[in-house]
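Trainee: Please find one structure pasted underneath; my questions will follow.
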Amino acid sequence: MFKFALALTLCLAGASLSLAQHNPQWWGNRNTIVHLFEWKWSDIAGECETFLAPRGFAGVQVSPVNENIIAAGRPWWERYQPISYKLTTRSGNEEEFADMVRRCNDVGIRIYVDVLLNHMSGDFDGVAVGTAGTEAEPSKKSFPGVPHTAQDFHPSCEITDWNDRFQVQECELVGLKDLNQHSDYVRSKLIEFLDHLIELGVAGFRVDAAKHMAAEDLEYIYGSLSNLNIEHGFPHNARPFIFQEVIDHGHETVSREEYNQLGAVTEFRFSEEIGRAFRGNNALKWLQSWGTDWGFLNSEQALTFVDNHDNQRDHGSVLNYKSPRQYKMATAFHLAYPYGISRVMSSFAFDDHDTPPPQDAQENIISPEFDEDGACVNGWICEHRWRQIYAMVGFKNAVRDTELSGWWDNGDNQISFCRGNKGFLAVNNNLYDLSQELNTCLPAGEYCDVISGSLIDGACTGKSVTVNEYGYGYIHIGSDDFDGVLALHVNAKV
């Protein structure tokens, strides 16, 4: 009986930890993460204070923080080739990182670090030098900055069969030296690295290439981490939020279901299907059943996004900033529909897969610059600063904890729906106008469309909709309007 009780206690403790690792530890009524891809720490700190907090964002995913290899031309992917766990990159040093985390936490913006637990750098001719000046010989699996030697890695092999679990989890992903996470020593170095970030005040981690590591090894590592730092405003016994990169199209040997109990999982099917729909390759009417009926993970397990830093560079159905009208519609739907843990992308302009972030002649990352409307102008795209996107972050906050109701569609690519009696969204992806009375579910009054403008000094700078005593309002979205979406919520009532 004692053994059974002990086993049950351990089982419940493990379940409690994994459930806690699905909690993003957001402040109050905030619920959207933004990925400030390749931004400097000092710029993120300022963005938290001057833009993200006032606009109601909940957190920032930052690029990898630990020392990486220096690659010719400084492509973005060099950040994903670590050579030590020193906190020095082109985004800044440890002091600047710690300052950014503190300043963001102080205004209610949580920080989530993109971490590389699967591998170290790939092959490099001769001795490689990292962003902190550390030398390494990746071809010999020698990384003195950790230190790691060949005994800390799986034997070298290529992934040629993605249906072979051994190859997927023990061979080298695109030539990156594959760490052996079953080793006590390797585990200890990874836990030490993550715990240091927790000590500095981060709220959690995006785990790169999670499917290339055995779930039981990750479970051990996650379960060994410290609780979040209460000096940064986290409650006692709070666990780091974990979201794991697991690409699973439904026929993978290593599946997302192996990881979704350990933390949230990146729902790539969401990204692909939302892109397909808003590109016009699937009627929007079918989105009424969006979510698990589409084969997606349960809402609390799914990290959702229209695009990410990887798949925005691929061809196919995924939308990115280069199709702005469709991208804004898809993002509005993403943030309005009650499914998933939402993350929006903030990119820099690219012409090819390897384009580096905006940099000066000395290859230093440059700070974003803004025009009079607050949009970025010097190579940074900053989708999160597009009014149509940050306004929907406010919409998502306004409708939190409400259900989907009042669905309407025209049998094709015009849809609308309510979020309780707090918000209303309409979308027109047809080549003809949407013009009719629709149920907004809102209390009677005049509301500003937060897509086309804002509520300023009691007046709308864009469209407005008058809602009658029955909750109906006249909705017009022209086929040639600048935006194909309209959004109303209770915090934008005149």
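Indices start at 1 and increase along the chain as displayed.
Backbone N, Cα and C define each Cβ position, glycine as well.
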Trainee: Per Swiss-Prot, which one of Asp125, Asp161, Asp178 shares the Ca(2+) site with Asn118, Gln169, His212?
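Mentor: Of Asp125, Asp161, Asp178, Asp178 joins Asn118, Gln169, His212 in the Ca(2+) site that Swiss-Prot records.
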Trainee: What is the disulfide partner of Cys48 among Cys104, Cys157, as given in Swiss-Prot?
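Mentor: Record-based pairing for Cys48: Cys104.
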Trainee: Which of Arg206, Arg239, Arg419 does Swiss-Prot put in the same chloride site as Asn308, Arg343?
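Mentor: Record check against Swiss-Prot: chloride site with Asn308, Arg343, extra candidate from Arg206, Arg239, Arg419 is Arg206.
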Trainee: Mind checking which of Cys382, Cys418 has the disulfide with Cys376 in Swiss-Prot?
Mentor: Cys382
Trainee: Among Cys171, Cys418, Cys460, find the residue that Swiss-Prot gives as the disulfide bond partner of Cys441.
Mentor: Cys418
Trainee: Rounded to the nearest Å, what's the C-alpha distance separating Cys441 (disulfide bond) and Asp178 (Ca(2+) binding site)? Just drop the number here, would you?
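Mentor: Spelling it out, the Cα of Cys441 (disulfide bond) and the Cα of Asp178 (Ca(2+) binding site) are 54 Å apart.
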Trainee: Give me the sequence-ordered set of same-chain residues, not including Asn118, Gln169, Asp178, His212, with a C-beta within 8 angstroms of the centroid of the Ca(2+) site's C-beta atoms.
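Mentor: Apart from the listed residues, the neighbours are His119, His154, Val168, Glu170, Cys171, Glu172, Leu173, Leu179, Gln181, Ala209, Met213.
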Trainee: If you skip the near sequence neighbours and keep only those at least six away, which residues in the chain come within under 8 angstroms of Cys376 (disulfide bond), Cβ to Cβ?
Mentor: Pro368, Glu369, Phe370, Cys382, Arg385
Trainee: Between Asp310 (site 'Transition state stabilizer') and Arg206 (chloride binding site), how far is it from one CA atom to the other, in Å?
Mentor: 14
Trainee: If one looks at the chain holding Cys48 (disulfide bond), which residues at least 6 apart in sequence have a CB under 8 angstroms from its CB?
Mentor: Val60, Met100, Arg103, Cys104, Val107, Ile109
Trainee: List the other residues in this chain whose Cβ sits within 8 Å of the Cβ centroid of the chloride site residues Arg206, Asn308, Arg343, in sequence order.
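Mentor: Apart from Arg206, Asn308, Arg343, the close residues are Ile33, His35, Gln61, Asp114, Phe243, Glu245, Thr266, Leu303, Phe305, His309, Met345.
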Trainee: Tell me the Cβ neighbour count for Asp208 (active site, nucleophile), meaning other Cβ atoms within 10 Å of its Cβ, over all protein chains shown.
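Mentor: Its Cβ shell of radius 10 Å holds 20 other Cβ atoms.
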